[in-house]
């Protein structure tokens with residue numbers, strides 16, 4: 001059986017792996033809650049991961065890298081907004097296009113700038129987000145049970161991990177306790193009513209899509225400058241879609257999103273650590289663990305265990321005066 | 001409200017979108033310091049300049065015809081099937097089972113078996129999301145995306161743990177018996193005395209794809225089911241009022257769509273690789289989206305759009321071979337085509353429409 005130290009390690013890597021999912025999941029939350037479906041989370045994360053690593057490699061500063069990542073992701077978010085809000089195009093198709101655009105452009109530009117077959121140079125020192133040691137982590141470490149939990153599981157992550165966790169209550173507050181949040185949710189459920197009240201549907205939706213862009217930028221920057229030390233082609237490897245799955249699993253709610261992302265992060269950590277799990281009576285192959293987030297999402301979408309109801313106006317462009 | 005002439009809607013709008021996509025791609029090539037005109041020359045020579053190039057272009061086009069038709073028929077029913085990737089993966093499993101289970105005496109019989117099984121497997125993989133959409137209201141786009149990933153994991157498991165021959169390292173099935181190998185275009189055109197380059201992957205599946213185009217056209221515009229699919233896609237409410245069952249139409253449209261995606265595997269798995277590999281679909285399921293959008297969901301349009309993407313694929317490979325432009329340029333072009341013919345369609349269409357309406361008024 002697994003000992004305590006191994007459990008702490010597993011949970012530690014769960015937090016690490018759940019962070020990009022959580023950032024992307026919260027990103028999707030804003031857009032989808034405002035009625036703009038976004039299956040382009042993957043693409044925005046990918047281009048942000050690339051831009052962050054490229055800028056960090058060029059300037060030696062991870063903060064400039066982060067800014068570049070957010071900027072790149074915002075560009076694609078703007079494109080998605082243009083297509084799905086201004087020109088009332090199909091939001092799903094726009095998302096597909098954005099994923100391909102990011103997938104192609106990152107390799108094209110990476111090859112042109114660095115000539116490493118789409119990779120960026122390895123980042124080190126100030127070009128990466130370093131782990132932060134929380135106060136007293138060293139002195140508390142010998143304390144039984146709580147010591148390792150504090151010093152290894154809670155302390156020692158990069159700043160973006162803490163930002164991601166802090167964004168959960170912040171998002172819950174913004175969405176449920178502020179005027180902007182109320183309007184954002186209303187625009188996703190009944191845009192005509194919001195319009196009648198004299199609030200610009202277009203404005204709110206663009207704002208939501210922009211927040212999505214910024215958060216996807218954080219997610220991508222985390223991947224290439226904190227979790228890994230540089231960009232590799234297709235490095236998001238479907239994480240944007242797992243985040244999307246987590247968003248549905250969380251029924252488009254911030255706190256549930258945290259739980260869903262942690263669960264999916266744990267599944268990923270398990271599948272990396274153990275090839276297959278022997279339960280005595282049955283062997284669970286690693287592929288099953290990898291597919292479990294998707295299977296769970298389908299089950300929840302099917303409504304057999306709780307029903308996930310998307311925002312009512314999701315996917316529909318708003319046409320004024322009809 | 002006035003309307004544009006039909007030809008403008010069917011030909012001019014997609015063509016204009018395509019031109020915009022290509023101009024931007026040209027700018028991208030310029031931006032990475034290469035010559036777009038030279039690049040185009042290399043692509044045309046490499047993909048269309050010899051029967052060898054054509055062999056590859058047609059091979060890729062065959063894939064895209066299948067996946068394009070699959071997306072197109074779902075579009076007609078107002079459904080967005082983004083799961084072509086997973087359905088084609090399962091189709092590959094069907095082909096492998098068909099080719100490995102029985103000792104076929106002749107390729108034509110093996111082809112028949114693999115066509116049936118690949119279509120059945122692809123349809124079965126589409127059936128679950130379709131049923132969930134029809135009966136439980138689960139959004140089909142999300143479920144088909146999830147099923148793509150589940151299919152990849154399933155195939156990975158089967159290849160590593162079940163289908164891999166003893167002692168073989170790479171995750172792939174056993175090689176199919178030689179009797180199941182499909183004749184390529186060199187052999188087939190040789191029967192009627194037309195010279196065609198040896199060693200290209202284009203094979204008899206191309207003709208299966210062409211038959212599929214005709215069958216899909218007939219289903220959509222010449223059968224009662226097709227009429228029901230189209231009315232359901234145009235207006236769900238009106239269709240229900242007319243007594244059309246939404247469950248039935250969603251299921252049929254998605255089953256046909258999944259079957260078409262699955263058929264793609266006949267070309268890649270039996271026609272080219274002769275064994276089942278991990279990633280034999282290689283994104284063709286997604287290219288089907290671009291093809292269906294460009295082809296305006298009409299089989300004739302899909303055929304030409306598939307040919308265009310076949311050209312882009314083979315041309316892109318040539319570019320990567322002769323210049324410093326990576327193959328991923330094609331991914332960018334593909335993204336731009338999807339963007340302009342799909343999501344930004346209105347941006348291209350609206351000014352054209354205004355132009356037509358203005359000139360129409362002037363003439364009267």
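Easy rule for this one: first residue shown is 1, then count along the chain.
Keep in mind that glycine also has a Cβ here, set from the backbone N, Cα and C atoms.
A TrEMBL annotation is a machine prediction, not a hand-curated record.
These features come from TrEMBL:
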type     : residues  : note
TRANSMEM : B:12-33   : transmembrane segment
TRANSMEM : B:53-75   : transmembrane segment
TRANSMEM : B:87-104  : transmembrane segment
TRANSMEM : B:110-128 : transmembrane segment
TRANSMEM : B:140-160 : transmembrane segment
TRANSMEM : B:202-220 : transmembrane segment
TRANSMEM : B:240-264 : transmembrane segment
TRANSMEM : B:276-295 : transmembrane segment
TRANSMEM : B:302-323 : transmembrane segment
TRANSMEM : B:329-348 : transmembrane segment
Contact yes or no, the transmembrane segment (B:53-75) and the transmembrane segment (B:240-264), 3+ Cβ pairs under 8 Å, gap 6+: yes
Close approaches to the transmembrane segment (B:110-128) from elsewhere in its chain (Cβ under 8 angstroms; 6 or more beyond its ends): 81, 83, 86-95, 97-99, 102, 104, 143-144, 147, 151, 179-180, 182, 204, 208, 251, 254-266, 269-270
The transmembrane segment (B:87-104) versus listed stretches B:12-33, B:276-295, B:329-348: most Cβ pairs under 8 Å: B:276-295
Same-chain residue ranges lying at least 6 outside the transmembrane segment (B:329-348) that approach it to Cβ under 8 Å: 13-14, 16-18, 20-22, 24-25, 28-29, 287, 289-290, 293-294, 309, 312-313, 315-316, 319
